[in-house]
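Asks: Marked as domain 'Major facilitator superfamily (MFS) profile' by TrEMBL: 10-437. Summarising the annotation, TrEMBL assigns transmembrane segment to 50-72, 79-98, 104-125, 137-157, 163-183, 246-269, 281-304, 311-333, 345-370, 382-403, 409-433.
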Amino acid sequence: MAKVYRQYIAGLAAAGGALACGATIGWSSPVQEELTGTNDYGITFTTNEYAWIGSLMTLGAAIVCLPVGILITTMGPKWTMLLMVIIFEVGWGLLIFAQNKMMIYSARLLTGMAGGAFCICAPMYCTAISQTEVRGIIGSFFQLFITTGVLFGFTVGGLTKTFMFSIICAIPPLVFAIIFIYMPDSPIFLISKGRLEAAQKSMEWLRGKDFDFSAEFNEMKANDAKIKENPVNKGEALCRKVTLKALALSISLMVLQQFCGINAVIFYSTSIFQASVQGLEARYCTIIIGVMLVFATVVSLFIIDRYGRIPLLLLSSVSQFISLALLSVYFFMKQRDEKSIESLGWLPLVSICIYILMFSVGFGPVPWVFMAEVFTEDIKGIAGSLSGTSNWACAFIVTQVFPILNDSIGGGACFAIFSIISAVGAVYIYFFVLETKGKTFAEIQAELEGKKE
């Protein structure tokens, strides 16, 4: 029997970098009140200027995805992630010692770049080292640590000043690097580079010397040989029918994930609660949201390989539709007559908690796991980067446009739009998305090609 616990260790170590990314995502919400008012930096942002603090992180993540795809192809996911630690530390250093708005903007761009790189590398590494039976759960470690990082950011940011908060956020990337440097490289990447002995040692560590992994290892080599038999440049590889189909499916899930409004809720959760919840401090409501994120993601770990990707996506999108519709109704009622919602102060918190829970069970982890499963090794880095770019580009649009739309058309209309998109997503998933649960990479490719094995 393979030593699955070693695959869990390597997966958790890789996903540790996602905690740093989650802290970056969670940073902007608790510091909003301080940075738009009196603060230790002596720098005050207007509401419109502050919108860029949230959205520049997502812009940085979108910018870096394609270069990271090239790095993954050249040096592999392991060393690409370790390289990103340097960018993380430069970004946090700029935030800690910020003297002006431009330094803070630059810091958010850099930490976003590092975080976006982890969003591509970590799921790819986790799926590459995992056996088929546990690929879903190990691939979901990434989302677990993202949500843990968001909770970390909400909690620490709610209890400390921005300066100390930024110092604390600089620690997780360093801890990740110290642990992850001892983990094995992806055997699939090593085989693609002709380093068969190193790939063999990686498999021995991941599966155990006493486990017969020869069939799995031979399949990896056969897949690599098949790709190299018909070498094509990256442009031609991306234009293969099977690749275009995989790209269409992966990118569509990324777009749906973002346009259901998740980053608008996370980045601006404190201000949303300040505008709605009475009797409970907004920052504590924000921490509750972080707890919900982590709890639901833990649940998803135990069901993603049992029930499959599509059922979780459907459950997630339908629940998001309902909870966002309720939130929309609340803000419409508040806009028309504030007295009519005096007894409904609990509704925004409950609606957002349900939304976060259901998002974290399905639409949170599944698009990233799916992205890491559906591309062949020769274009996995580039194709995965295109998917990641689409995700973060949409996140940038949402975080930049949400506060503007919120001011112009109101929260009710904004959340109604997110609700409708969630409903459209449910229909699309039911009719078009491929189930990858329990399938080898070869079986997934065969199904994308329209073949049956």
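Including glycine, each Cβ sits where the backbone N, Cα and C put it.
TrEMBL: automatically predicted annotations, no manual curation.
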Asks: Determine which residues of the chain contact the transmembrane segment (345-370) at the Cβ level, with the cut-off under 8 Å and only residues 6 or more beyond its ends counted.
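Replies: Hits for the transmembrane segment (345-370): 119, 123, 127, 135-136, 139-140, 142-144, 146-147, 249-250, 253-254, 256-257, 260, 262, 265, 269, 272-273, 276-280, 285, 288-289, 292-297, 299-300, 303-304, 309, 312-317, 319-320, 322-324, 326-327, 330, 391, 425, 436.
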Asks: Of the listed stretches (137-157, 246-269, 409-433), which one yields the highest count of Cβ-Cβ distances below 8 Å with the transmembrane segment (281-304)?
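Replies: It is 137-157 that shares the most Cβ pairs under 8 Å with the transmembrane segment (281-304).
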Asks: Over the domain 'Major facilitator superfamily (MFS) profile' (10-437), what does the predicted model average in pLDDT?
Replies: 86
Asks: Select the range from 50-72, 79-98, 104-125, 246-269, 382-403 that forms the most Cβ-Cβ pairs under 8 Å with the transmembrane segment (311-333).
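Replies: Result: 246-269.
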